[in-house]
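What TrEMBL says about this protein:
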- 8-406: domain 'Enolpyruvate transferase' (DOMAIN)
- K23, N24: phosphoenolpyruvate binding site (BINDING)
- R93, D305, V327: UDP-N-acetyl-alpha-D-glucosamine binding site (BINDING)
- D117: active site, proton donor (ACT_SITE)
Amino acid sequence: MSEHFRVHGGARLVGEVDVVGAKNSVLKLMAAALLAEGTTRLTNCPEILDVPLMADVLRGLGCTVDIDRDVVTITTPTELSHRADFASMGKLRASVCVLGPLVGRLRKAVVALPGGDAIGSRPLDMHQNGLRLLGAHSEIEHGCVVAEAEGLHGAQIWLDFPSVGATENILMAAVLADGTTVIDNAAREPEIVDVCTMLQQMGAKIEGAGTSTLTVHGVDSLRPTEHRVIGDRIVGATWAMAAAMTRGDVRVHGVDPHHLDLVLEKLRTAGAEVSLFQDGFRVVMAGRPHSVDFVTLPYPGFATDLQPFAVALAAVSDGVSMITENVFEARFRFIEEMVRLGADARTDGHHAVIRGVDRLSSAPVWASDIRAGAGLVLAGLCADGVTEVWDVFHIDRGYPCFVENLRKLGADVERVSAPPER
Ligand code: UD1
C-alpha cells in the first residue's frame with residue numbers, strides 16, 4: 001500500500017523528544033552477535049524497519065532472533081551458515097556487516113552485495129582489501145562477495161579513507177584472527193566505539209576505540225553478552241535542526257550531546273541558544289536563522305547523513321550558505337526536491353550554493369533515502385500550504401515514531417495510507 005505524509009506548514013516545534021538507540025549501531029551489534037555461540041541481548045534498540053530486516057539476515061544464517069519492542073535477543077548456533085543470500089541482504093546496506101564476523105568465525109563467507117539507500121557509489125574494495133591482508137582470498141562472484149581463508153593472521157592495514165563499514169568488517173574479522181592487527185586511518189564514529197565496547201564485553205582485546213588507530217589482539221573465541229545501544233546522534237541532530245528551522249524550542253533526551261558538538265556549534269552560529277545536559281540538549285531559535293556553511297566529513301566532522309538538514313536549514317536562513325558534500329556524491333539529488341519546494345539552490349560538483357528564502361512553498365515531493373525523506377518533512381514544516389512527502393518507507397527505515405514525535409512537538413503532520421490500486 002502506498003503511503004505518504006501530509007505536512008501542514010507553519011508550526012513552530014516546541015517540547016521534548018526522546019531519542020532511542022542508533023540505527024547505525026544496532027545493525028552492526030546484531031552482526032557482532034554472530035561472533036559468539038549463545039544468546040546475546042541488545043537493549044535500547046530502535047523500533048525501525050531495518051531491525052527486522054537485519055533479523056531476517058541473521059535468521060538466514062541459522063540464528064534465532066526475537067524482537068520484543070526495544071529488546072533484540074539473538075541466539076547464535078554452533079553450526080552457522082556462511083551464506084547470506086540476496087533475498088534478505090538486498091534490502092539494507094548494513095547487512096554487509098555480516099561479512100567480517102562470518103570470516104572471523106567460519107573463515108569463509110558468501111555474502112550477496114547489499115541494497116540500501118541510493119546515495120552514491122558504495123564499493124567494498126576497502127572491506128575486501130582488509131580481509132585479504134588478514135589472509136582471506138576475496139572476490140566478487142555472481143553478485144556476492146566470496147571470502148575464504150585457510151587461517152586468519154594479524155596484519156597492518158591502512159585504509160584509503162576512514163570508511164565506517166570497512167573499519168567494522170575488518171575489526172570483526174580481526175578479533176578472532178591469530179596475532180595483532182593494526183587498522184590505521186580507521187573510522188572514529190561513536191557507533192564504531194559502541195561496537196568496540198560490545199566486542200570488549202564479549203572478550204575481544206581492542207585498543208584505541210574512537211581514535212584513528214585500532215589495535216586488535218586476536219583471541220580464540222568470544223562469549224555472548226548483554227549491551228545497551230548508544231543513543232542515535234543522527235536522529236538527535238535531526239531534532240536539533242528541526243528546532244532551528246522552525247524557530248522552535250526543543251529538548252532532546254537519550255543522546256550524548258558531545259556526539260553532536262559540531263552540529264550544535266553550527267546552530268549557535270546560526271543564532272540558536274543551545275544548552276547541554278547529561279543525556280541531551282536544548283535548542284531554542286528565537287528568530288530567523290542566519291546562513292551557515294557546512295562541509296561533510298567523517299566523524300568528528302559534520303556527518304553526511306545530516307547534509308539534507310543542512311540544505312533545508314540553509315533554504316530558509318537569512319543569507320547565502322555553501323554546502324560541500326565530500327562523502328556521497330549522489331546526496332545532492334535531495335536538492336532537486338527542495339527546488340520543488342521553492343528553495344533557491346544550485347549545485348556545482350560537490351558544492352551547493354543556497355540563497356535562503358523567507359518561506360518555502362508546498363509541493364508533492366519524493367524521499368530518495370532515509371535522511372532526505374526526513375529533511376523534506378522538516379522543509380514542509382517551513383512551507384506555505386500542505387506538502388505531500390511520498391515514498392515514506394525510507395523514513396520508516398531510520399526514524400521510530402517520526403510522525404508521532406512531530407505531532408507531540410506541535411506539528412500538523414499525518415500519515416495517509418492510499419487505498420490499494422484496483
Ligand atoms: C555508514 C552509514 C551511513 C553514513 C556513512 C558515512 C551505516 C549502516 N551507514 O555507511 O549512514 O552515511 O557511514 O558516515 O552505518 N568507500 C569506498 N570503498 C569501500 C568503502 C567505502 O570507496 O570499500 C567510500 C564510499 O563510497 C564513501 C566513503 O567511502 O564515499 C564512506 O563510506 P562508508 O564510511 O564506508 O559508509 P558506510 O559504512 O557504507
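Please read every residue number as a count from 1 along the shown chain.
Placement of Cβ uses the backbone N, Cα and C atoms for every residue, glycine included.
Structure coloured by features recorded in TrEMBL.
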{"residue": "K23", "record": "phosphoenolpyruvate binding site", "DSSP (3 states)": "helix"}
{"residue": "R93", "record": "UDP-N-acetyl-alpha-D-glucosamine binding site", "DSSP (3 states)": "helix"}
{"residue": "D305", "record": "UDP-N-acetyl-alpha-D-glucosamine binding site", "DSSP (3 states)": "helix"}
{"residue": "V327", "record": "UDP-N-acetyl-alpha-D-glucosamine binding site", "DSSP (3 states)": "coil"}
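The separation of D305 (UDP-N-acetyl-alpha-D-glucosamine binding site) from K23 (phosphoenolpyruvate binding site), Cα to Cα, is 12 Å. Annotated pair N24 (phosphoenolpyruvate binding site) and D305 (UDP-N-acetyl-alpha-D-glucosamine binding site), C-alpha to C-alpha distance, rounded: 11 Å. D305 (UDP-N-acetyl-alpha-D-glucosamine binding site) is surrounded by 25 other CB atoms, counting those within 10 A of its CB over all protein chains shown. Regional average pLDDT for the domain 'Enolpyruvate transferase' (8-406) in the model is 95. Only N24, V327 of the binding-site residues listed as K23, N24, V327 bring a Cβ under 6 Å of any atom of ligand 1; the order follows the sequence.
Sequence-distant contacts of V327 (UDP-N-acetyl-alpha-D-glucosamine binding site), defined by Cβ-Cβ distance under 8 angstroms and a gap of at least six in the same chain, are T296, L297, P298, T304.
Ranking the binding-site residues K23, R93 by the number of CB atoms within 10 A of their own CB puts K23 at the top.
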